[in-house]
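**Student:** As annotated in Swiss-Prot:
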DOMAIN    512-852  domain 'PUM-HD'
MOD_RES   Ser159  phosphoserine
REPEAT    532-567  repeat 'Pumilio 1'
REPEAT    568-603  repeat 'Pumilio 2'
REPEAT    713-748  repeat 'Pumilio 6'
REPEAT    749-784  repeat 'Pumilio 7'
Amino acid sequence: MATENPIRISGSNERWSNSRKVSVPNRSGSAPPNMEGSFLAVDNLLSRQGGSVYNNLMLPRYGFEEPVTTHPSSKHSLNRIPSPPIYYPTEYQFIDNRVGRFRSNQGLNKVNSPIHLSQGKLSTHKEVSEDESSQQLSVNSVSDRTDGLDIRLSPGSQSLADFRQDDTSSGQTPQHSRSNSSNGEVNTADESGNFSELSDDVVVKDNAASTARASIGNEKSPDESTIISKMKSTNISGPGTAKYPREPRYGQPERQPHQQQNNATWIQGGSNMGSHGVNDAVIGAGQFHYGQPYKFSGDGQPVLQSSGFTPPLLYTATQTAYMTSPAHVYNMQSPAVYSPQYGYGPYTNMIPQFMPGYPSHGSVPVVVSPDFIPQLSGPSAGSVVHGGEMQYAEKLYVPPGQPSFPDPMYMQYCQQSFGQMEPLAPRNHTNAPESQKDDPKFLRQIRGPSNSNMARPGMGVNYYGIQPNMGIMVQYLPTHLGPPLSPGHVPYVEAYPGWQPQGSLEGANGPRLCNFLEELKSGKGRRFDLSDITGHIVEFSADQHGSRFIQQKLENCKPEEKAAVFREILPHACKLMTDVFGNYVIQKFFEYGNSTQRKELADQLMGQIVPLSLQMYGCRVIQKALDVIEPDQRVRLARELDGQVMRCVRDQNGNHVIQKCIENIPADKVGFMLYAFRGQVSSLSMHPYGCRVIQRLLERCSHDHQCRFITEEILESVCVLSKDQYGNYVTQHVLEKGTSEERERIGRKLSGHIVQLSLHKFASNVIEKCLEYGGRVERDLIIKEIAGPDESYNSLLMMMKDQYGNYVVQKIFETCTADQRLTLFSRVRMHASALKKYTYGKHIVSRLEQPSIEENQELRR
């Protein structure tokens, strides 16, 4: 009777495929179905649904196991509850690192592994009770869930010690070795480009011994003690031997942060690991603290490598045996860090070990990382350094934000840089009190004797206080030093004690600039010179205290120092012109620089006059330049505004540049501006910024025949402008700076509306200016219109009670003649009792009751 063996037997040139098409054993039509086949079919359906998860994760699944049950053609009577399946281990059975258990009926993925199995007859099925069968099934299911290399035994299996004989004999080092055998070879290839580290060659020998071990027959089961003893020697775990430690798997990626085998709390007995494996030399690749996984272990518990602390090999084998239940996400909290990432500021959250597989925070020292030392960091070498700016005790300008929690599943895809650790620290970093930092005795007491073996250029030997590179672990990239010219930015430059020009600074974002800036803030910056910050003038110019320091030094410094500062400023002049603090340094150079320096700075403005004129700080630089540069250069700069005059006039910053051009450039040189104002004077006079420009034109160009049209347009609309909140200033300016003819024309224009305008909030100011700057004729017209023809006229009483008109009446008392004053007093005396009831009328009555000596004499007459 032709039947088909449940085990798929491949030839030497065939591959084990991961396809599910051949995963279910096929039976002949003559054999009736049994429960085992049903179970396998259901399991196949379930595994099909879960298979997409494995494919999406793109993780290599090395390993297979084939259940062998009673042969369907066997004449033995079939039992409804079949016996536990018989598993025949291969020489290497790999497991899924993420799931940590075998799944039945799953073949190798892209593995060329010829398996030679004998065609012997299956052993006779021995009927067992349901209790015994369930116990055996439970044992196998428990071993199914164990991590690492899992080999199941059956009564028909031979000694398992030979299964590793070929592999252990080929090499004794913990590395992959390539076999010299001409037999089959298994090339474990990547399924995804993201796992380039996994493309290692694994050699599996296949010889006649393996064929004999895989033969199916009625061989006598070896003694259990023999099996266990040989499994100990090969570190192969089987059912009932999970308590023995497994041999670590070399060459497969570890998926656990910070290489937790370094933590002594993971080893039973609490052995002190602090003195083992400390690398004080240059740390190589794969040993890092704030980095990404570089190596992955085959165990379920993921481990990242720690900062340069490698445990002895004697702990390596026993480490994973005492690990708690596996966690398939990354523990982002390193046991070598003093505060976790969700701690904030100086308040450390020491999280105890609540979750299984997560170590508690130990007091393992942290190797200094150059992620936070700019001259040693990875970005300078072109690599990606993952870390962040640390929270220095002295860098308290801007508190760092809370970093986002990373997704541990994606840590394996991050790139790590080579050799991130740096055992030494920057020199002279202190967190001591300010009063003791400069004390030599205190420094010697804290630092201790120097160590010549650790001396390196620009590096110190000891820390004291808080180590600068120790803090929370963050996932964002560190910032790089550039021209930090944004408002409120705090640049960081290195030390100030013993600075030397050009090259004495170790880095540009160290903590020692804080000390320097604090010295400047406290008023102790006079002991420093510009030569102390040579090479970092731009960074200091963008700081509030640094900018003030440079400005003070530029006023009295030597020409050589000023030239050195100018050479650094000139390439970054355009950026500093728009900086909140840097613009003052540029203005100071325009003011105290020589003619050559002024000309070179003015050349930097060419082509950027319009955008700088519209910028808050750039407009100040242009105004200063127009004050000090040569006349021909002023004209060249002003001509860039042609076509943009009205835009600048209506801008809150640009109008100042237009005013400065009007002040410093002759009218015949800026004819394009006057042409732009023609027909727009009235509207510009009522604009909040345009009214300033019109007033500046009246000051500088009112007597020029080219500017006559400005006055004419103002006089034509003087009544409207007098009532406008901005136009009234233009009208007042004409009364102050204009000619007598212009004042007379304004008086005639306003005649007939004096009382109405005197009660207006803005026009009342114009009437006061008419009384103050107008001639006798204009004043007489105003007084007659207010006083009226006789005493029955009530306009004066109404003005005295008004909040704006009473000021016009008081101005009349100040500017009128004696005869006019007597006439007004006689009118006021008639309404004195009524005026005392009003707030504004009281001022008029009090003035009436305290007349001058001349007035009293005239009143007595």
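Each residue's number is its place along the chain shown, starting with 1.
Every residue, even glycine, has its Cβ placed from backbone N, Cα and C.
A description of the local structural setting of each listed feature is requested, covering burial, neighbours and distances.
**Tutor:** In the predicted structure, the domain 'PUM-HD' (512-852) carries a mean pLDDT of 89.
Mapped onto DSSP classes, the repeat 'Pumilio 1' (532-567) shows 29 helix, 0 strand, 7 coil.
Same-chain neighbours of the repeat 'Pumilio 2' (568-603): 483, 485-488, 534-535, 537-538, 541-544, 546-548, 550-551, 554-555, 559, 562, 612, 615, 617-618, 620-621, 624-625, 627-630, 633, 637, counting only residues six or more beyond its ends whose CB sits under 8 Å from a CB of the stretch.
Here the repeat 'Pumilio 6' (713-748) has Cβ contacts under 8 Å with residues 679, 681-682, 685-688, 690-691, 694-695, 698-699, 702, 757, 760, 762-763, 765-766, 769-770, 773-775, 777-778, 781-782 of the same chain, all six or more residues outside its ends.
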**Student:** DSSP helix, strand and coil counts for the repeat 'Pumilio 7' (749-784)?
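**Tutor:** Across the repeat 'Pumilio 7' (749-784), DSSP assigns the residues as follows: 27 helix, 0 strand, 9 coil.
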**Student:** With helix taken as DSSP H, G or I, strand as E or B and everything else coil, how many residues of the repeat 'Pumilio 2' (568-603) land in each class?
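**Tutor:** The repeat 'Pumilio 2' (568-603) comes out at 30 helix, 0 strand, 6 coil.
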